[in-house]
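Quick notes on the structure that follows.
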Amino acid sequence: MDAFIATFTSPGPELFQLGPFALRWYGLLIAIAVLIGLNLSSSLARKRGLEQGLISDLLPILVLTSVVGARIYYVAFEWRNYSGNNFWSSINIFGLAIPIPSAVEIWGGGIAIHGALLAGTLAVLIFCRWRRQAFWDVLDVLVPSIALGQAIGRWGNFFNNEAFGVPIKGDLAWKLFIPFVNRPLNYANNEFFHPTFLYESIWNLLVFTVLIVLFQRSSKGLLKLPAGALSCIYLITYSLGRVWIEALRTDPLCLGALPPSCEGGLRIAQLMSLAMMAVGGFGLWWLYGRKRKLPDPGRPRSFA
C-alpha cells in the first residue's frame, strides 16, 4: 500500500479582488487572529484581575506597532532588495500609478515575527507605564494569544508561497508544491518542498496548549505560576521549535551571508531564538531558583 501523500498547493495570495483593491489571505488571517486574541486575552485578563477594558485599549496599539516592527526588522536585514534601483515601486489606484517606497509594500509579504515581538513588547511596556499596570501580568495574558495568532498567521506564508523549507528528498507523507516563479534559483528544478509553515503552525498550537493548561491550573490554585513565568515559558518553548524549523528554511534572514544556506554567516532567527531561550531560562531561574519576583518595568497600580 502506498503511503498517504498530502500535497499542499496554494490557491494564490488573494481571496478576491474588487476594483483596484484585493483582499489577501494573509491580511484576513491576521484579522482573524487579532479578533480571537482580543477575546482570549480579555478573558484571561479578567481571571488575573486586571482592569476591565485594558486589553481592548492595548490591542490597536499592539497590532500597529507589531506590524510596523515586523516590517522594519525584515527590511533592515533585506535592505539590498529595497535599496538602489529597487527603492521605488508603485501602487495602482483606479488606473493611476502612484510611486511609493518598495519598503512599505507590506501586502506583498516580508515581515519577521521577531521584529513584531520586539516592537510589541516595547509597546506593552510603554502602555503599562502609561496606565500604571503590572507589565508581567499583562504580558502573561497576551502570550497565549500570541502563540495562537502565530499558528493562524503562518498559513499566510502558505497562501503567499513563501517561507518554505528545502526540497523534499525521498518519500514523505506530506509535501508542499511551489510554483516555478516562487522557487529560489538554486532550487528551480525542484517542485516539492518542506511545508515549514505547517511545522511552525503545529508547533505554535502545542505552545498555545501548554500555556493555556498552565494558566488554567494556576488560576485554580493547582500550580504556582508567579507573574512573568508564563512569558518566560513562551520564550523558551516557541524558540525551541523555531531553532530547528529555521534550519530548513530556504529564505532565512542572514547576517554576513546570503540565503538559502547562509554559508559563512549566521541565521538571524536562530540567533534571536537562542537569545529568547536564554532570557526565558534566566527568568525562570530568577523566579524559582532564587525565589524572587521579576523586576517590573511597568508601574503597578497603588491600592493604598
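From the backbone N, Cα and C atoms, a Cβ is placed for every residue, glycine too.
Predicted, not measured: the structure shown is a model, and the values here were computed from it.
These features come from Swiss-Prot:
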type: TRANSMEM; residues: 18-38; note: transmembrane segment
type: TRANSMEM; residues: 58-78; note: transmembrane segment
type: TRANSMEM; residues: 106-126; note: transmembrane segment
type: TRANSMEM; residues: 133-153; note: transmembrane segment
type: TRANSMEM; residues: 195-215; note: transmembrane segment
type: TRANSMEM; residues: 221-241; note: transmembrane segment
type: TRANSMEM; residues: 268-288; note: transmembrane segment
> Out of 18-38, 58-78, 106-126, 195-215, 221-241, which stretch has the largest tally of CB pairs under 8 angstroms to the transmembrane segment (268-288)?
Replying inline: 221-241
>> Six or more residues beyond either end and a Cβ under 8 Å away: which residues meet both conditions relative to the transmembrane segment (221-241)?
In response: 134, 136-137, 139-140, 143-144, 146-147, 150, 199-200, 203-204, 206-207, 210-211, 214-215, 272-274, 276-277, 279-281, 283-284, 287-288, 293-294, 296
